[in-house]
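Undergrad: First the structure, which I've put down as structure tokens, then a few questions once you've had a look.
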Amino acid sequence: MREPIVAIATPYGESAIGIVRLSGKGVLDLVKKFFKTKREIKPRYAHFGVLYDDKGEELDEGVLIYYKAPHSYTGEDMVELNLHGNPRILKRALELFVNAGARLAEPGEFTKRAFLNGKLDLTQAEAVAELISAKTELARKVALKQLHGELSKHIRPLRETLLELLAYVEADIEFAEEDIPTLTKEQVIQMVDKVIEGINELLKTAKTGKFIREGVKLAIVGRPNVGKSSLFNALLKEERAIVTDIAGTTRDFIEETLQIKGVPVRLVDTAGIRETKDLVERIGVERSKQKVKEADLILFVIDASQEITEEDLRIYEEIKEKDHIVVANKVDLGIRANLEKFKGEKIVKVSALKGTGLEELSEEILKKVGANLEESVNIYISVRHETLLKKAKEVLERFKEEFREKDISPEIAMLDLREASDYLGEILGEITTEDLLGKIFSTFCIGK
């Protein structure tokens with residue numbers, strides 16, 4: 001069991017309860033020096049008592065819960081001390097335990113110990129951080145599934161298939177003279193193809209994961225006075241942007257966040273894109289163009305009550321290669337625009353003023369970012385997972401080509417299969433380095 005660590009596990013500030021958490025060798029004896037109860041402390045019981053300082057003066061009263069190894073979050077002996085949530089009390093308790101021999105925990109160190117002690121694999125440990133930082137109900141649901149091992153269930157069988165292949169290759173080398181069962185070339189290719197197929201399915205979730213974690217960057221773009229700011233306000237359901245009939249009212253971008261059926265969206269209302277001699281407006285137009293480049297999805301807004309202009313078509317040419325939705329606004333005034341100019345496009349007709357068509361627009365946004373996320377998402381991969389999966393796939397594609405065309409030696413086959421297996425093992429934390437663990441757990445809050 002490792003040295004004792006201690007941290008305040010609740011957010012800083014005044015509250016009804018504040019928790020001081022300890023884990024490691026001898027933590028119960030350490031805490032008992034200062035926390036006195038009338039009864040013997042038993043694991044998993046709540047014990048009321050008094051916390052005294054190092055001079056024997058009463059500091060606070062509270063409740064102690066002891067978790068005996070290995071039946072704890074970290075897999076070590078743990079103590080959680082529930083005190084009144086006064087920052088001064090919690091800080092003083094922290095000082096007491098540090099002076100008595102505990103070390104201040106590093107960010108994420110409790111979860112790191114849980115991983116090192118086999119209580120969680122690395123994808124589950126990462127899910128703890130995702131769960132704590134979840135900004136939407138959908139993000140919370142998916143993080144909880146991954147904490148329960150949902151992602152691991154998809155990756156571990158792929159690695160086991162590669163390890164099974166490795167075992168056959170090693171047996172072929174070690175017992176070449178003996179009559180043992182071997183796989184045909186076709187069987188090997190089939191097994192590798194099965195792993196590649198599984199990797200491809202996981203890679204499809206990378207974009208979804210990015211959207212759930214960071215939000216979809218959604219830019220509203222169009223010429224001046226087509227109702228971009230009105231649409232911005234309608235989607236936000238509040239009057240955030242100034243709306244007038246004067247072209248060029250919005251001179252700089254405005255950015256807000258909202259949720260569309262559980263998906264976080266970073267919505268940007270851009271300045272109307274046009275040629276202008278006004279210096280301030282020109283700067284706003286350039287900044288708007290930068291936001292267009294950064295956007296995951298563009299809402300290209302036209303005024304359905306007017307003819308399509310050359311300015312509309314010029315902006316459309318600039319954005320049509322990016323993911324976009326054509327939004328015909330102001331349909332409540334009648335449709336005079338020749339929408340055939342956008343032949344082949346799915347055009348969503350809305351009235352930002354009346355609120356019509358907004359539900360259809362929301363559905364179209366979800367389709368563009370990857371499907372109805374609220375119902376279908378069980379797992380998603382992070383950038384770290386995506387990088388390792390792509391590396392594993394690259395190695396397996398190379399192996400398959402060489403195995404089929406060049407009839408590579410068993411020794412070379414072993415190297416490729418081992419490398420691909422190790423990449424998958426790194427996702428699960430079965431292959432790790434201290435640098436990797438330090439990088440992952442440093443993003444956690446202290447006390448978790």
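Keep in mind that glycine also has a Cβ here, set from the backbone N, Cα and C atoms.
Residues or ranges marked as (6S)-5-formyl-5,6,7,8-tetrahydrofolate binding site in Swiss-Prot (evidence: sequence analysis): Arg21, Glu80, Lys119, Lys448. Annotation comment: Swiss-Prot describes 215-370 as domain 'TrmE-type G'. Positions annotated as K(+) binding site by Swiss-Prot: Asn225, Thr244, Ile246, Thr249. Among the features that Swiss-Prot reports, GTP binding site is placed at 225-230, 244-250, 269-272, with the record citing sequence analysis. Here Swiss-Prot flags Ser229, Thr250 as Mg(2+) binding site, drawing on sequence analysis.
Could you tell me the structural context for the features on the list?
TA: There are 19 other Cβ atoms within 10 Å of the Cβ belonging to Glu80 ((6S)-5-formyl-5,6,7,8-tetrahydrofolate binding site).
The average per-residue pLDDT of the prediction over the domain 'TrmE-type G' (215-370) is 79, rounded to a whole number.
DSSP assigns Asn225 (K(+) binding site) to coil in the three-state reduction, placing it in neither a helix nor a strand.
For Asn225 (K(+) binding site), the number of other Cβ atoms no farther than 10 Å from its own Cβ, over all displayed protein chains, is 18.
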Undergrad: Within 10 Å of the Cβ of Arg21 ((6S)-5-formyl-5,6,7,8-tetrahydrofolate binding site), how many other Cβ atoms can you find? Include all protein chains, please.
TA: 22
Undergrad: Can you tell me whether DSSP puts Glu80 ((6S)-5-formyl-5,6,7,8-tetrahydrofolate binding site) in helix, strand or coil?
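TA: DSSP assigns Glu80 ((6S)-5-formyl-5,6,7,8-tetrahydrofolate binding site) to strand.
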Undergrad: Among Lys228, Lys448, all listed as binding-site residues, which has the most CB atoms within 10 Å of its CB?
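TA: When each Cβ's neighbours within 10 Å are tallied, Lys228 tops the list.
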Undergrad: Taking the Cβ of Lys119 ((6S)-5-formyl-5,6,7,8-tetrahydrofolate binding site) as the centre, how many other Cβ atoms fall within a 10 Å radius?
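TA: So the Cβ neighbour count for Lys119 ((6S)-5-formyl-5,6,7,8-tetrahydrofolate binding site) comes to 18.
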